[in-house]
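Since the structure comes first, as structure tokens, the remarks are kept for the end.
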Amino acid sequence: MKPSIYSLTRQEMIEWAEAQGEKKFRAAQIWEWLYRKRVQSFEEMTNLSKDLIAKLNDQFVVNPLKQRIVQESADGTVKYLFELPDGMLIETVLMRQHYGLSVCVTTQVGCNIGCTFCASGLIKKQRDLNNGEIVAQIMLVQKYFDERGQDERVSHIVVMGIGEPFDNYDNVLKFVRTVNDDKGLAIGARHITVSTSGLAHKIRDFANEGVQVNLAVSLHAPNNDLRTSIMRINRSFPIEKLFAAIEYYIETTNRRVTFEYIMLNEVNDGVEQAKELAELLKNIKKLSYVNLIPYNPVSEHDQYSRSPKERVMAFYDTLKKNGVNCVVRQEHGTDIDAACGQLRSNTMKRDREKALVENVQP
């Protein structure tokens, strides 16, 4: 199976071209065709020799993904189900924000973190996505708009789709550097957010990388007992270890950390828990920000329900009174398979049911 050319960084592209006996500027031409002109085949690279195009075709594909399903919401959200070369499925989501087009990318097939409220973890991790498969998600979303003649450009990226990004650390870092490259898509580092469920040692590594992207931490609870009950990862990285890493990140980068907090009715959404959260954040208030997330119910996790608006606002008001910067996240795509992993999970379920029916037919 040939790799995607998107898996190469610009420096790797230069090294590849030189290994083929080509001049360095040929790599720059290929890079421009891919990321500025956004072609989908090597034959469209009209200033390259036939010999070089043949070498590219022999060693690479352009986009390794196949679009299976597209769901469009009334609010402009678009959810994509993509098929990987090995037949596995992933999700990507485009969200229209007041500041531009934001794409949420997937980094793994399945997830091993085991959050008890999440559709992504219903299917265990099967493999990591490589850098090219992550980049390809952005390129296919952009192609979706290019083909419609819509003069819109992906401006923001959130690495918050299926999987734990820091469990696929090297590929995610390579992806960030590829989409941030000023000769390519040139998506600003401060327009890119990488999320983690709390791999403390990787947060420390990330602090030392020198990348200027944003960090978000899926917290979802203000104490160890509650967090362990809804997020299995807290057994390995309890809040004390997690916050030591977060404080190291802030001291090293002087960058703000966003805390994601999903609102589960009568589980983690009480005023006392808001006070606990404010106390937990007291030493990093100036460089922290809490994102309160309305819960999208998942049929497989029917023990949870969405917090009523009055409970959300009481939680929000308590944080504000205690000096915590926070916001209630705007919802997107509530009229489609909105929860992370839900479209993929529902599609796989339908595919299994279809296969069973076909197998029993005479």
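The backbone N, Cα and C atoms fix where each Cβ goes, glycine too.
Bear in mind that the values here come from a model prediction, so they are computed numbers and not experimental data.
Per Swiss-Prot, the features are:
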type	residues	note
ACT_SITE	Glu91	active site, proton acceptor
ACT_SITE	Cys340	active site, S-methylcysteine intermediate
BINDING	Cys111, Cys115, Cys118	[4Fe-4S] cluster binding site
BINDING	Gly163, Glu164, Ser195, Ser218, Leu219, His220, Asn296	S-adenosyl-L-methionine binding site
DISULFID	Cys104-Cys340	disulfide bond
DOMAIN	97-329	domain 'Radical SAM core'
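Annotated features, which come from Swiss-Prot, shown on the structure.
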residue	record	Cβ contacts under 8 Å, 6 or more apart
Glu164	S-adenosyl-L-methionine binding site	Thr107, Gln108, Cys111, Asn112, Ile113, Thr196, Ser197, Leu199
Ser195	S-adenosyl-L-methionine binding site	Val158, Val159, Met160, Pro165, Leu215, Ala216, Val217, Ser218, Glu260
Leu219	S-adenosyl-L-methionine binding site	Gly198, Arg227, Phe259, Glu260, Tyr261, Leu277
His220	S-adenosyl-L-methionine binding site	Cys115, Phe117, Arg227, Ile230, Met231, Glu260, Tyr261, Ile262, Asn268
Position of peak Cβ density within 10 Å, selected from the binding-site residues Cys115, Cys118: Cys118
Neighbouring recorded positions, C-alpha within 10 angstroms of Asn296 (S-adenosyl-L-methionine binding site) - of Glu91, Cys104, Cys118: Cys118
Binding-site residues compared (Ser218, Asn296) - highest count of Cβ atoms within 10 Å: Ser218
Cys118 ([4Fe-4S] cluster binding site) versus recorded positions Glu91, Cys104, Gly163 - nearest by Cα: Gly163
Segment-level pLDDT (mean, integer) for the domain 'Radical SAM core' (97-329): 95
Rounded to the nearest Å - Cα separation of the residue listed as 'active site, proton acceptor' and Cys104 (disulfide bond): 9
Between Cys104 (disulfide bond) and Gly163 (S-adenosyl-L-methionine binding site), the C-alpha gap once rounded to whole angstrom: 12
Cβ-Cβ neighbours of Cys111 ([4Fe-4S] cluster binding site) (radius 10 Å): 26
Protein Cβ atoms within 10 Å of Cys104 (disulfide bond), excluding its own: 24
Recorded S-adenosyl-L-methionine site residues Gly163, Glu164, Ser195, Ser218, Leu219, His220, Asn296, farthest C-alpha pair in Å: 19
Cβ packing number for Glu91 (active site, proton acceptor), 10 Å threshold: 25
